[in-house]
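Chemist: I am attaching a structure below and will ask some questions about it afterwards.
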Amino acid sequence: MKILAILYKGGKAAVEEPRLLGTLENKLGIADWLKSLGHEFIVTDDKEGPDSVFQKELPDTDVLITTPFHPGYLTGDLILNKAKKLKLAITAGVGSDHVDLNAANEKKITVAEVTGSNVVSVAEHVVMDILLLVRNFVPAHEMIERGDWVVADIARNAFDLEGKVVGTLGCGRIGFRVLKRLVPFDCKELLYYDYAALPAAAEKEVGARRVEDLHEFLGQCDVITINTPLHEGTRGLVNKELLSHVKKGAWIVNTARGAIADRIAIKEALASGQINGYAGDVWDVQPAPKDHPWRTMKNPLGGGNGMTPHYSGTTLDAQRRYAEGARDILERWFNNEPQIPANVIVANGEYATKAYGQRK
C-alpha cells in the first residue's frame, strides 16, 4: 500500500531527541517497519495548496496519517475529487475534525484516531492554564524579564483558585480528568455542561454538578474550560452573543479546538474586560499566521493572554502513546482485524461515535 503521513518539522530538536516521534524526521517510529512489509511510506510537512506534496500524492494514497498539531486538512473536495484510492485516514492523536467526516462517510473511508492517547497530557495542560490565568503569571514573568519589580501591578489582578466556580464545557475523557485534578484545590463548586450526564458514581467522585442550560452554566462560572470536539454543532459556538452570557471577568481556557471560538469575539471580550483571560494552545488555523489576534491580545491591565503553540497533547509521553496507537491501527488494518471500537470515528459509511455531535 501507499501510506502518506503529514507531520510537523522538528528540525534540530527532532535530531537531538528521537522520542519526538510525531515529527517529519522521526516518522512516528514506523518507517522501517512499513518498509519491511513492502509498503511505500511518504512523509512530508508540505500540506497547503494544490501544489503541495500532500495534494500531489493524495490521488494514489491508500492510507493517510496526520496529527492534530500539523493537520493535513482532508476537505470534502479533496475526498470526493482527489482521494481516489483512500481507504483509511488515521489521526495520530485525538481529534479528527481536520477530516470532512460526512464526505468520508459518503466515500466509505474509515477514519480512526488513537482515543485516550493524550487525555492526561491535555488535562494537565488545562490545569496549568487555569492557574497561570488566575494567578496572573504571564505578566509577572514578563515583568521579571524586563528587569522591573512592581508587585502591585501584578497582584491587583491575581487571585486564588480556591473558592472559585470552575466549569467544563464538555465532560468526556478530558473534561472529567480536568475536574478530577481540580478537586484538591477546594473550588467553591465544579460544574459541567454536556449533552450526556456523567454516571452517578463519576459525578460523586469529583463532586460535580451538571447544568443543563448553557447560558446558566456560563453565568455561574469564574473559570470555563472548553473540552468538546469540533463539529457542526460547536464550530463558532463561543461567539459574541455567547460571550455576553459569560460571568463578567471570567477566565476561559480552550485546549479543545480553536475554531470553537470566534477569534475576533474573543479578542474584543478580552480587551473590554468582559473576560479577564483566555489561554490555550489551539488555533482556528494551524500554524497560526503571525498576525493572528490571539498572539498579542490583552485585557485592560495588559495581561490575560496564555496562548501557546499546539503542544498540550504532544508531550513525549503522549507521542509514544499515539505513535504506538497509530501502528496498532495499521497492523489491524493490514491483517483485516477489528479495530479497537473506541478508536473508530466513521466506518462503512456511518458514524461509529457520538463524540462529534449527537448522531443517529
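Including glycine, each Cβ sits where the backbone N, Cα and C put it.
Sharing the features that TrEMBL gives for it:
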type	residues	note
BINDING	Val94, Asn118	substrate binding site
BINDING	Arg173, Ile174, Asp194, Pro229, Leu230, His231, Glu232, Gly233, Thr255, Asp281, His310, Tyr311, Ser312, Gly313	NAD(+) binding site
DOMAIN	35-338	domain 'D-isomer specific 2-hydroxyacid dehydrogenase catalytic'
DOMAIN	128-311	domain 'D-isomer specific 2-hydroxyacid dehydrogenase NAD-binding'
SITE	Arg257	site 'Important for catalytic activity'
SITE	His310	site 'Important for catalytic activity'
Chemist: Going by Cα-Cα distance, pick out whichever of the recorded positions Arg173, Leu230, Arg257 is nearest to Asn118 (substrate binding site).
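Modeler: Given the candidates Arg173, Leu230, Arg257, the nearest one is Arg173.
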Chemist: Round to a whole number and give the Cα-to-Cα distance in Å for the pair Arg257 (site 'Important for catalytic activity') and Leu230 (NAD(+) binding site).
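Modeler: With the alpha carbons as reference points, the distance is 6 Å.
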Chemist: Express the predicted model's confidence over the domain 'D-isomer specific 2-hydroxyacid dehydrogenase catalytic' (35-338) as a mean pLDDT, rounded to an integer.
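Modeler: Taking every residue of the domain 'D-isomer specific 2-hydroxyacid dehydrogenase catalytic' (35-338) together, the mean pLDDT is 97.
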Chemist: Looking only at C-alpha atoms, tell me how far Asp194 (NAD(+) binding site) is from Val94 (substrate binding site), rounded to the nearest Å.
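Modeler: Counting only the Cα atoms, the answer is 19 Å.
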Chemist: Under 8 Å Cβ-Cβ from His310 (NAD(+) binding site), six or more apart in the same chain: what's there?
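Modeler: His310 (NAD(+) binding site) has long-range Cβ partners Pro68, Phe69, Asp281, Val282, Trp283, Gln286.
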Chemist: C-alpha of Leu230 (NAD(+) binding site) to C-alpha of Val94 (substrate binding site): distance in Å?
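Modeler: Val94 (substrate binding site) has its Cα 11 Å from the Cα of Leu230 (NAD(+) binding site).
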Chemist: Which residue, of the binding-site residues Asn118, Thr255, Ser312, has its CB surrounded by the fewest other CB atoms within 10 A?
Modeler: Ser312
